Amino acid sequence: MPSFDEALQRVGEFGRFQRRVFLLLCLTGVTFAFLFVGVVFLGTQPDHYWCRGPSAAALAERCGWSPEEEWNRTAPASRGPEPPERRGRCQRYLLEAANDSASATSALSCADPLAAFPNRSAPLVPCRGGWRYAQAHSTIVSEFDLVCVNAWMLDLTQAILNLGFLTGAFTLGYAADRYGRIVIYLLSCLGVGVTGVVVAFAPNFPVFVIFRFLQGVFGKGTWMTCYVIVTEIVGSKQRRIVGIVIQMFFTLGIIILPGIAYFIPNWQGIQLAITLPSFLFLLYYWVVPESPRWLITRKKGDKALQILRRIAKCNGKYLSSNYSEITVTDEEVSNPSFLDLVRTPQMRKCTLILMFAWFTSAVVYQGLVMRLGIIGGNLYIDFFISGVVELPGALLILLTIERLGRRLPFAASNIVAGVACLVTAFLPEGIAWLRTTVATLGRLGITMAFEIVYLVNSELYPTTLRNFGVSLCSGLCDFGGIIAPFLLFRLAAVWLELPLIIFGILASICGGLVMLLPETKGIALPETVDDVEKLGSPHSCKCGRNKKTPVSRSHL
């Protein structure tokens, strides 16, 4: 009885049909990148704003001031190291204290309102609302007043998105295994579109946050299921390069995003531009089939056979009647637990290091991306260049992992990222070209580390625990994404370069730890926990090759 992989070889492992489906699904990586890093442009800090009290508003109306005149006459002067253009952002003069009458503003002069106070010194009070922006509604910061005491809410928007990713990984990942890949993919695309439109027209901040969370849930569903569909309809030899190329389309999304943001002047327009393409993916219902491998495991052999024949026809192949019964091996394991991943020494070491690697990759990668929004300079050009820098990372991975193995490039990429972050933090601001060059190396390093951890994670777990182990460890990626914005923005408020030091320390430690992982180059995938325990031993090359494990057979 032929296996599914043998049938796939017969119909073509990466023929015209697979290439078409692959290209269509790769576009999901572009839109997922929009969602993943879009906060950099949605939440851009306004250049010019100040706190406007009720008396200042009334006085501006009476005197007929322009916004600039109002700012010059009523905003408190800068104090300490604060630059002049930031005057009056988080404090305001209590102009209504000029006298105790109801018409306090009548005592204030249009030429010099502060002259009504002794020594021209009006009382200062913290701003609790009423900010005025030079460009109202241009970003979510000005839309929902996410400044001063409310600045932490901007961090919350990205943390909530990552919480949605984490939720989607478990809920929609399970649903895709139970109800089908393409069904969940299409539902997720619809969910991303609907929730994204609601986000764009959210009447208040709570509604914005709730639907941004839901968009994260569905967004993770599109990314996971498209990745699984592609890897399940191509041959085993193509899976590695297919996985890397999909991530290159994610990078393509990062490159395209600044162009979209540059030509659209407000955050609602940007949100719609990065959301509406998800509705186009619903057309895939007619061109992207269900995974035939999944159909066989769900005892839906007739449908799987129809799809295989469709693939064969498109690829110019022929599936003979000998393939009327096809088997696929299912992992015979039920209810795996975290204890299975830490019970034995080698499994425990691999699990803890991989969890830290996922966490570090997410924190450093997202931190470096979002940092572009707070360091000044031309955000659009800087963001575009940072995206272009990621493209060589995939090429370097393809050139090194089969020659040098997994462990050395994995460690080197983390160490390069860590050292680059530390060096950038202490370079003088006057040599901008050198700071940019070193920071670029750091971005390239962490991009490579992020892509390699996907591969290494799957190669270090046995068949019976692979899906569960990868899901659990990669969950630390989303957890890192929840922490990253708070870590970046709050530490940057203390010292702009402090987040870089934290990122550098984390990545450097990770680079050292991954050298403790066993090398998996040229070694068959482990099938049991015993195989994992033997990795790194002189006989590890035999792991997973001659062992037999109980399997259940699903057939056509």
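Positions of Cβ are set from backbone N, Cα and C atoms, glycine also.
The transmembrane segment annotation in Swiss-Prot covers 21-41 (among others), and the record cites sequence analysis as its basis. Within its own chain, the transmembrane segment (21-41) is flanked in space by residues 139, 154, 157-158, 161, 189, 192, 196, 215-216, 219, 222-223, 226, 229-230, 233-234, 242, 245-254, 256-258, 260-261, 267, 270-271, 274, 277-278, 281, 284, 287-289, 366, 369-370, 372-373, 379, 383, 485, which lie at least six positions past its ends and keep a Cβ under 8 Å from the stretch.
What Swiss-Prot records for N72 (among others) is N-linked glycosylation site, and it gives sequence analysis as the kind of evidence. Of all Cβ atoms in the shown protein chains, 12 besides its own fall within 10 Å of the Cβ of N72 (N-linked glycosylation site).
Residues or ranges marked as N-linked glycosylation site in Swiss-Prot: N99 (among others).
Annotated N-linked glycosylation site per Swiss-Prot: N119 (among others), in sequence order, evidence recorded as sequence analysis. Its own atom aside, the Cβ of N119 (N-linked glycosylation site) has 6 Cβ atoms within 10 angstroms in the protein chains shown.
Look at Swiss-Prot and you will find 182-202 (among others) tagged as transmembrane segment, backed by sequence analysis.
Under the heading transmembrane segment, Swiss-Prot lists 241-261 (among others), citing sequence analysis as support.
Sequence-distant contacts of the transmembrane segment (269-289) (same chain, at least 6 residues past either end, Cβ-Cβ under 8 Å): 20-21, 24-25, 27-28, 30-31, 34-35, 38, 41-42, 182, 185-186, 189-190, 192-193, 196-197, 199-200, 215, 222, 229, 257, 260-261, 307, 310. The transmembrane segment feature in Swiss-Prot is assigned to 269-289 (among others); the stated evidence is sequence analysis.
Residues or ranges marked as motif 'Proline-rich sequence' by Swiss-Prot on the basis of a curator's inference: 289-293. Mean predicted confidence for the motif 'Proline-rich sequence' (289-293): the pLDDT average there is 88.
What Swiss-Prot lists as N-linked glycosylation site is N322 (among others). According to its DSSP assignment, N322 (N-linked glycosylation site) is helical. Long-range Cβ neighbours of N322 (N-linked glycosylation site) (same chain, at least 6 residues apart, Cβ-Cβ under 8 Å): P2.
Residues or ranges marked as transmembrane segment by Swiss-Prot: 381-401 (among others).
Annotation comment: Swiss-Prot describes 468-488 (among others) as transmembrane segment.
If you look up Swiss-Prot, you'll see 498-518 (among others) marked as transmembrane segment, on the strength of sequence analysis.
Packing against the transmembrane segment (381-401) from elsewhere in the chain are residues 40, 241, 244-245, 247-248, 251-252, 254-255, 257-259, 368-369, 372, 375, 408-409, 440, 443-444, 447-448, 451-452, 455, 521: each is 6 or more residues past its ends and has a CB under 8 Å from a CB in it. For the pair N119 (N-linked glycosylation site) and N72 (N-linked glycosylation site), the C-alpha distance works out to 18 angstrom. Taking every recorded stretch in 182-202, 241-261, 468-488 and counting its Cβ pairs under 8 Å to the transmembrane segment (498-518), the highest total belongs to 468-488. Across the motif 'Proline-rich sequence' (289-293), the DSSP tally of helix, strand and coil residues reads 2 helix, 0 strand, 3 coil.
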